[in-house]
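Accompanying notes for the structure given below.
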Amino acid sequence: MNTLKFTKMHGLGNDFMVIDAVSQDFTPEDAPIAEWADRFRGVGFDQLLVVGRSETEGVDFRYRIFNADGSEVGQCGNGARCFARFVADKGLTDKKEICVETANGVIFPKLSDNGMVTVNMGKPKFMPSEIPFVPESGEGDDACIYGVHLESGIQPVSCVNMGNPHAVIVVDDVECAPVRETGSLIEPHRQFPERVNVGFMQVVGRTAIRLRVFERGVGETQACGTGACAAVVAGIRLGLLDEGKTVEVVLPGGTLYIEWACGGDVMMTGPAEAVFEGELAYS
């Protein structure tokens, strides 16, 4: 029987079970992640975050993310902020800005004295092969809008990879958007070979949007950091939002602040909070 210490955290209600694999032995491939994610019979969370040491010179930590269904993903923005807060609170680093290795590249979270965390999320990708996405409507590479073929018709989406794949849909009223219905159709769609996160974006002004996200392997969540980044990038490319300005992204769980200038890195700022400490036994 194995005993494991963990911390429950959240970023705007997007909640995580965070495991320190620096100070204790833990192999996620051997863990019953889906059972732990169960909100009635387990710890309950959207994603499991594993904090490890990196073997790459100049990199402080390795960051692994597992969805509630046990599948591993390459990036999670809200998780990145919680990761940074966790390693600081646990005394694993005394740096204000850390270098973190993920499955899809390196990120640079920075902690502020006011409790907010800013993360350089890197450059967005748009080519269908980078999403990945399979166009079926004759669109060229790097198009701002692609068509997803549903039984009800063709759904226009903007495709952005922010370390994980996103399809962004512009809606008039996010409160009335068919997030679960349409999200559950697009998330596993054949045109997205690795499945996709589906964002529903309402543009409020040139520097403000409202957003709901149906996450891959999870369903709708209270907040999605990479989803907020993808939505702002898509809005700028579509001419709906101002480039180089800080855009306020209001999600069900709270507000994130995203900034992007074309060709540059995406910057995300938001809170990260610990909820409780726990310990469990598993075989």
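Every residue gets a Cβ built from N, Cα and C, even glycine.
What Swiss-Prot annotates here:
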ACT_SITE  Cys76  active site, proton donor
ACT_SITE  Cys224  active site, proton acceptor
BINDING   Asn14, Gln47, Asn67, Gly77, Asn78, Asn164, Asn197, Glu215, Arg216, Gly225, Thr226  substrate binding site
8 Å Cβ shell about Asn14, Gln47, Asn67, Gly77, Asn78, Asn164, Asn197, Glu215, Arg216, Gly225, Thr226 centroid, substrate site members excluded: Asp46, Ile65, Val73, Gln75, Cys76, Gly79, Val213, Val218, Thr221, Cys224, Gly227
Distance from Cys224 (active site, proton acceptor) back to Asn14 (substrate binding site), taken between C-alpha atoms, in Å: 7
Residue among active-site residues Cys76, Cys224 with least C-beta crowding, 10 angstrom cut-off: Cys76
Coarse DSSP state, helix versus strand versus coil, of Asn67 (substrate binding site): strand
Recorded substrate site residues Asn14, Gln47, Asn67, Gly77, Asn78, Asn164, Asn197, Glu215, Arg216, Gly225, Thr226, farthest C-alpha pair in Å: 16
Rounded to the nearest Å - Cα separation of Asn78 (substrate binding site) and Cys224 (active site, proton acceptor): 6
All-chain count of other Cβ atoms within 10 Å of Asn197 (substrate binding site): 27
Protein Cβ atoms within 10 Å of Asn67 (substrate binding site), excluding its own: 21
Three-class DSSP secondary structure - Asn78 (substrate binding site): helix
Count of other CB atoms lying within 10 Å of the CB belonging to Asn78 (substrate binding site): 35
Other CB atoms within 10 A, centred on Asn14 (substrate binding site): 31
